[in-house]
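Right, one structure below, let's go through it.
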Amino acid sequence: MSSYFVNSFSGRYPNGPDYQLLNYGTSSSAMNASYRDSGTMHSGSYGYNYNGMDLSVNRSTSTGHFGAVGDNSRVFQSPAPETRFRQPSSCSLASPEPLPCSNSESLGPKGSSPPSDQSTTTAGNNLNSNTHFTEIDEASASSETEEASHRANNSAPRTQQKQETTATSTTSATSDGQAPQIFPWMRKLHISHDMTGPDGKRARTAYTRYQTLELEKEFHFNRYLTRRRRIEIAHALCLSERQIKIWFQNRRMKWKKDNKLKSMSLATAGSAFQP
């Protein structure tokens, strides 16, 4: 082996002769001889025995590092049993008893009553607890019935209130459905809401100075409006799209008429200056 492993092993376990290293080149007899017998070792100085388990190193005489399965008697039992750390426990894994260990009596408190007395006392305690639970159950059942009746009495006016609220909500919904939705451009504050004149015809739309100025500005840049721009102007000026469309149609007709008159006047003026 390497010197590093040897040094670490000797540093970890100061008793070097007690823990001889395993030589893999020798035979099985030599390997068995290289270990110390577990009977000659002191369990108090090399390991602690808790619940019968041997926690020391190299206690078995088998070839394995932790010991073979067949040598459990030498591995798990110490020749010098210590009553301070463990009790002699002999547990049978195949027995169906609830407490198979032989030292089950040591688990309970010392100086207690016999098992028959314990069983009678536990039965009496269980009987008392059962009667107490039945009393509690009866009291809780009576309280639950009272609460249920109280809830039923309270639920009746609540249902009536809910029915009234639903009826009022339905009536309000029907009234809202009958009334049309009002948009800002539908509110014509500058004109009368009755759109009929004295002779039964539609009244002429009266535009304010602000509305006329904004429409003239828009017509100066664009003589034809897109639907998007028309909706924007309608919301800004509190007018309807139809009103803006009609205004632009009338303004285009006026512009054509003015240009026609201007062109005619220019033509007549030009013809007048001809020789």
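Every residue, even glycine, has its Cβ placed from backbone N, Cα and C.
Here is what Swiss-Prot records for this protein:
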type: REGION; residues: 70-181; note: region 'Disordered'
type: COMPBIAS; residues: 113-133; note: compositional bias 'Polar residues'
type: COMPBIAS; residues: 151-164; note: compositional bias 'Polar residues'
type: COMPBIAS; residues: 165-175; note: compositional bias 'Low complexity'
type: MOTIF; residues: 182-187; note: motif 'Antp-type hexapeptide'
type: DNA_BIND; residues: 200-259; note: DNA-binding region
May I have the DSSP-based helix, strand and coil counts for the residues of the DNA-binding region (200-259)?
43 helix, 1 strand, 16 coil
In this predicted model, the DNA-binding region (200-259) has a mean pLDDT of 92
With DSSP helix as H/G/I and strand as E/B, how many residues of the motif 'Antp-type hexapeptide' (182-187) fall in helix, strand and coil?
3 helix, 0 strand, 3 coil
